[in-house]
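Since the structure comes first, as C-alpha cells, the remarks are kept for the end.
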Amino acid sequence: MDLATIAFAFSLVLLSGLSTSIGGALAVGKREPGPKFMAAALGLSAGVMLYVSFMEILPEALKKLESTLGDEARATWTMMGAFFAGIAIITIIDRLVPEEINPHEPATTEEEARRKRLIKTGMFTAFALAIHNFPEGFATFLSGLEAPEIAIPVAVAIAIHNIPEGIAVAVPLRSATGSRKKAFWWATLSGLAEPLGALIGFALLMPFIGPMTFGISFAVIAGIMVFISLDELLPTAEETGEHHCAIYGLIAGMAVMAVSLALFI
C-alpha cells in the first residue's frame, strides 16, 4: 500500500468531514437552505448510500471473504454477521447519545435559561456528532484504500449528510451567543472526528489489513451506511414536509450511483 493511496483516502475523509463547515456557514449566513432543497439533498445522500451498500460494497465484501475462506456458505454467513454487527455498532452509539440535554444549573431569568440551554444544546450536539462521525470516517478511509470508485461517491454522500449536522450545531450557538464565528467553528470541529476516526482505525488495523479484514470491514461499513440512511437521512428529509422531494432525491441518488459505477467498472 503506497503513500499516494493513503493520502488519497485520507483526503476524501478530510473533505467529507469538513463539510460540516458548509452547514455552519449556511446557519450563520443570512439565508438558510429551503425545505425542498434539504429534502432532495438528504434523499440523494440516502439513495447513494443504500445503492452502493447493497449493489457494490456487500458483493465486494463477499468476494474478498470467499477468496480467504474458500467456501461460499461460510463467506456469506460471515458477511451477514459483519453487516448486522455494523448496524449494532451504530445503533449502540445512537442510543448512548441522548437527543436533548437539559441545563443542570438554575438560571436567574427565563432569557438566561434559554441562552444556557441553547449553548449546551449546540456544544453537546457537536460532541454527539463527533462520536457519531467517528466510524463514518474510518468507513470512508477504508473504502478509499481499497476501492476508489466506491469511495468517491460514498465520500460525497457523507459530505451531503454532514451539512445539516453542521447546521444543527451552529444554529443554537448562533442564537445563544450572537457570535457567528463561534457557531461556525464549533460546526467545523464536529466534523473533524471523521479524519480522527480514520487515523485511529488505520493505526489499529494496519498490521491486520488483508482480504479478510477488508471483507469484514466492508460488510460492517455497509451496515453502518444502511442504518444512517434509514434512521437519520430519510426521517430528517421527511421532517421538512417535502415528501416527494425526498423520494425524488432518493431515486436520483440511486440512479447517479448506478450510472457512476457502470462507468467506472
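Each residue, glycine too, has its Cβ placed from N, Cα and C.
Worth saying up front: this structure is predicted, and the values here are computed from it rather than measured.
Record check: Swiss-Prot places H161, E165 at the Zn(2+) site, and the matching candidate among E136, E146, E149 is E136. Where the transmembrane segment (184-204) meets the stretches 37-57, 77-97, 150-170, 245-265, the count of C-beta pairs under 8 angstroms peaks at 150-170.
Here the transmembrane segment (77-97) sits apart from the transmembrane segment (245-265); fewer than 3 CB pairs are under 8 Å, leaving out pairs fewer than 6 apart in sequence. Within its own chain, H161 (Zn(2+) binding site) has L42, S45, M49, I228, E232, L233 as residues 6 or more apart in sequence whose C-beta sits under 8 angstroms from its own.
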